[in-house]
Amino acid sequence: MTQLYIQDVTLRDGMHAIRHQISPTAVARIASALEAAGVNAIEVAHGDGLAGGSVNYGPGSNTDWEWIEAAADAVTTAKLTTLLLPGIGTVAELKRAYSLGVRSIRVAAHCTEADITAQHITMARELGMDVSGFLMLSHMASAETLAEQAKLMETFGAHCVYVTDSGGRLTMPMVRDRVRAYRDVLDSHTEIGIHAHENLSLSVANSVVAVEEGATRIDASLAGHGAGAGNCPLEAFVAVADLHGWGHSCDLFALQDAADDLVRPLHDRPVRVDRETLTLGYAGVYSSFLRHAEAAAQRYDVDVRSILIEAGRRRLVGGQEDMLVDIALSLST
């Protein structure tokens, strides 16, 4: 039987959906519910990872440390996880997260820049952490190129490497090709993960295809709480996993209750496929650009979709949020 590792991202990717505004009390409540529902791991951080709170990415209502401490106090069995983007988060932040109880780290880079993760992956392994490599915007590299980058992360020490569909742009054949390419080059003991977004309404389908091709770590969030149209909805994926007979440790009804009772009430903007979020996937734009693009569109009185299409044409990547204002200004003149 296929046995899955369910990695919740409600309290990290989900931060984008609420502009990184959530109290430690709410974090603890959600983390406790997730553990009770049986997820293997719970990721906690600013949406852009450790030290992501900034003018460019958006300040958080609290520090990463306050959120992590709240989650650490609330869980005992689920593995506390966080995300780090080299260039934003540093080895110092990694060590501090470890001191607060984080035992799993995902080290993220643009899909063609795995080389910048070596120091952080190596340090995490020295600390004894579970380490995953996170190749963002995986649609922007061919399956072969992506697999080469995944192999680099493996040589640095990653236990798992993800196909990370940050733009919600991958289709099912594209996911299949990328996971197969990973499996062809990675050692048999190295796990493969899938991080899907719902922008094209394919997050569950793409996650299923990934599992069929050998992925075992699945990123998902309560009510799909995440950037853009959201992540793979945890409760929906678990229901499908049950229908496929795949092994996991989750309680479907408990996930449904947590999604509807704890997470949906947090939304100040619906997390769904709509004209703006669909355009993210159609254009292949980083999902976390949504709220930044909407703000720029309102400021300069232009259609947010036009901004997103141009961002896709320019192949903008994470960290270039400021360019959305430049695009909006150009469109308004």
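Note: Cβ is positioned from N, Cα and C throughout, glycine not excepted.
Since the structure is predicted, the reported quantities are computational estimates derived from the model, not experimental observations.
Y286 is the only one of Y282, Y286 that Swiss-Prot places in the substrate site (with R12, D13, S166, H195).
Same-chain residues that are not part of R12, D13, S166, H195, Y286 yet have a Cβ within 8 Å of the Cβ center of the substrate site turn out to be V9, H16, G47, M136, T164, H197, G226, A227, N231, S287, S288. A coil conformation is recorded for R12 (substrate binding site) in the three-state DSSP classification, outside any helix or strand. Within 10 Å of the C-beta atom of Y286 (substrate binding site) sit 29 other C-beta atoms, taking all shown protein chains into account. Taking Cβ-Cβ distances under 8 Å and a sequence separation of 6 or more, the neighbours of H16 (active site, proton acceptor) in its chain are G47, G226, A227, G228, S287, S288, L290, R291.
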